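See below for the structure under consideration.
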Amino acid sequence: MNTQILILATSAFLCVRADKICLGHHAESNGTKVDTLTEKGIEVVNATETVEQKNIPKICSKGKQTIDLGQCGLLGTIIGPPQCDQFLEFSANLIIERREGNDICYPGKFDDEETLRQILRKSGGIKKENMGFTYTGVRTNGETSACRRSRSSFYAEMKWLLSNTDNEVFPQMTKSYKNTKREPALIIWGIHHSGSTAEQTRLYGSGNKLITVWSSKYQQSFAPNPGPRPQINGQSGRIDFYWLMLDPNDTVNFSFNGAFIAPDRASFLRGKSLGIQSDAQLDNNCEGECYHIGGTIISNLPFQNINSRAIGKCPRYVKQKSLMLATGMKNVPENSTHKQLTHHMRKKRGLFGAIAGFIENGWEGLIDGWYGYRHQNAQGEGTAADYKSTQSAINQITGKLNRLIEKTNQQFELIDNEFNEIEKQIGNVINWTRDSIIEIWSYNAEFLVAVENQHTIDLTDSEMNKLYEKVRRQLRENAEEDGNGCFEIFHQCDNDCMASIRNNTYDHKKYRKEAIQNRIQIDAVKLSSGYKDVILWFSFGASCFLFLAIAMGLAFICIKNGNMRCTICI
């Protein structure tokens with residue numbers, strides 16, 4: 001009879017515990033790994049690359065007003081050597097300098113060349129205004145075979161002033177120009193250093209020559225330095241060009257007595273543009289905002305590893321070739337051993353017998369969402385994704401890449417290393433500064449991505465916990481947690497019942513009576529098993545006590561009858 005009761009109780013126990021619902025997250029082995037603040041190489045379900053490495057080997061100019069200077073150097077557009085005749089005035093938002101471009105025809109150099117080049121690169125083009133200078137008693141048609149058009153000529157925007165006749169003394173002159181425009185005027189002039197003293201005397205007469213230039217913010221005097229130099233373009237002389245930015249309503253004055261290359265027109269800059277040095281081919285079929293010497297970087301990523309001197313709206317240059325940004329949860333798929341154990345235990349304990357906790361392992365095949373449910377009941381087994389928790393996590397993760405871009409993108413200007421002798425030290429400082437910035441940003445990039453990855457993984461774990469708590473609050477005393485991410489339900493729960501748990505519409509009062517009855521049956525079975533253990537221990541103790549009492553009684557009788565003697569020695 002006792003055996004029959006035990007069998008019935010056990011059958012009831014198994015029946016009650018047959019219905020089960022488990023929570024888990026998607027997992028599928030894909031080898032996608034990210035680094036966080038505390039760990040390296042954590043596998044995640046989804047991740048995106050943040051470092052661009054793909055280069056377009058062309059200058060993408062679609063939608064841009066582009067000017068290709070070809071053989072003309074950018075500074076040549078201000079002074080006008082023959083190769084720049086078509087670019088003396090222009091409007092553009094993308095200026096391309098070529099390696100073959102040349103700024104000058106007669107040998108010489110520009111003072112503070114790189115600063116002037118940067119100003120012109122950022123301008124949206126050039127427009128010019130005649131300065132109105134007139135001259136008497138001198139020639140204004142100086143020319144040279146170094147600047148050939150159909151014959152010997154000179155810079156289109158400059159006047160080479162010479163004495164009326166050879167060896168005649170050049171008269172002292174003063175010329176002034178007032179900027180009446182609302183924007184600054186770029187004023188440029190030159191100093192001619194003859195190839196010899198004799199040549200200087202022939203061109204400008206005898207005596208020392210002095211040129212003085214001044215405005216409200218500028219004053220400097222120049223003296224030519226005649227002497228032999230290596231011939232370039234057939235010339236041993238040199239022309240050095242100087243410049244200033246003249247504010248609106250300010251006046252520039254020139255005082256000179258020879259060896260002066262006079263400006264003919266003042267230059268005014270138009271708007272904004274981007275200037276690049278590149279020999280890459282133009283392509284009007286693609287659009288770009290970030291350029292470098294090798295072409296165009298087209299990317300929505302926050303970082304790039306293509307060229308440290310890219311300019312425009314560019315991703316930050318970093319030394320790392322890859323920085324993966326987690327856009328999904330931690331990925332811990334079931335391994336082969338785990339799968340074999342699951343298959344073996346299904347035969348004995350059902351679908352969920354061997355599933356580890358929902359944090360330790362994920363489920364493969366949960367393709368409709370990041371989080372979901374598996375259930376087992378009398379109608380069978382099923383799996384369903386939870387869209388709300390998945391969307392909540394996605395909403396918080398979406399925009400991480402854009403936020404990184406906002407933190408890192410900016411308009412870059414390119415400062416080349418074509419420095420003259422005086423500027424070489426400045427160039428070294430700029431190069432050192434650039435390298436230091438790259439080091440800092442490479443570290444910052446790695447840190448920013450690691451912080452975001454840490455937040456993503458913590459966030460997705462948090463959403464899993466929220467989902468688990470939602471189910472626990474619904475089921476209350478109608479179910480029991482098994483410690484592995486599952487709930488053993490104490491009542492019959494068909495597919496509609498399981499759906500109500502997933503949809504957060506489960507009514508625990510509806511099943512409360514049945515669940516309590518089944519819970520009592522389970523507790524009774526547990527209590528009977530525990531009582532039996534107590535009886536066994538009590539029986540064992542009573543038997544030992546009875547055996548000891550009998551032994552002591554026999555000993556007492558024997559001593560009393562003289563059959564046993566007990567001697568106590570002190």
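Any Cβ shown, glycine's included, is placed from N, Cα and C.
What Swiss-Prot records for this protein:
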- CYS60-CYS286: disulfide bond (DISULFID)
- CYS72-CYS84: disulfide bond (DISULFID)
- CYS105-CYS147: disulfide bond (DISULFID)
- CYS290-CYS314: disulfide bond (DISULFID)
- CYS493-CYS497: disulfide bond (DISULFID)
- ASN30: N-linked glycosylation site (CARBOHYD)
- ASN46: N-linked glycosylation site (CARBOHYD)
- ASN249: N-linked glycosylation site (CARBOHYD)
- ASN253: N-linked glycosylation site (CARBOHYD)
- ASN335: N-linked glycosylation site (CARBOHYD)
- ASN431: N-linked glycosylation site (CARBOHYD)
- ASN503: N-linked glycosylation site (CARBOHYD)
- CYS566: S-palmitoyl cysteine (LIPID)
- CYS569: S-palmitoyl cysteine (LIPID)
- 1-18: signal peptide (SIGNAL)
- 19-533: topological domain 'Extracellular' (TOPO_DOM)
- 555-570: topological domain 'Cytoplasmic' (TOPO_DOM)
- 534-554: transmembrane segment (TRANSMEM)
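On the structure: features taken from Swiss-Prot.
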residue : record                      : CB count, 10 Å
ASN30   : N-linked glycosylation site : 14
ASN46   : N-linked glycosylation site : 18
CYS72   : disulfide bond              : 25
CYS105  : disulfide bond              : 25
CYS147  : disulfide bond              : 22
ASN249  : N-linked glycosylation site : 11
CYS286  : disulfide bond              : 14
CYS290  : disulfide bond              : 25
CYS314  : disulfide bond              : 24
ASN503  : N-linked glycosylation site : 11
Residues that sit under 8 angstroms from CYS493 (disulfide bond) by C-beta distance, when 6+ apart in the chain: ASP19, ILE21, HIS375, ASN377, ILE501, TYR511
C-alpha spacing of CYS497 (disulfide bond) relative to ASN503 (N-linked glycosylation site), in angstrom: 10
Rounded inter-Cα distance in Å - CYS286 (disulfide bond), CYS84 (disulfide bond): 28
Distance, CYS497 (disulfide bond) to ASN253 (N-linked glycosylation site) (CA atoms, angstrom): 94
Sequence-distant neighbours of CYS60 (disulfide bond) in its chain (C-beta under 8 A, six or more apart): ASP283, CYS286, GLU287, GLY288, THR296, ILE298
Among CYS84, CYS497, the most crowded of the disulfide-bonded residues [Cβ within 10 Å]: CYS84
Inter-residue C-alpha distance, ASN249 (N-linked glycosylation site) and CYS314 (disulfide bond) (nearest angstrom): 38
Euclidean distance between Cα atoms of CYS147 (disulfide bond) and CYS84 (disulfide bond), Å: 11
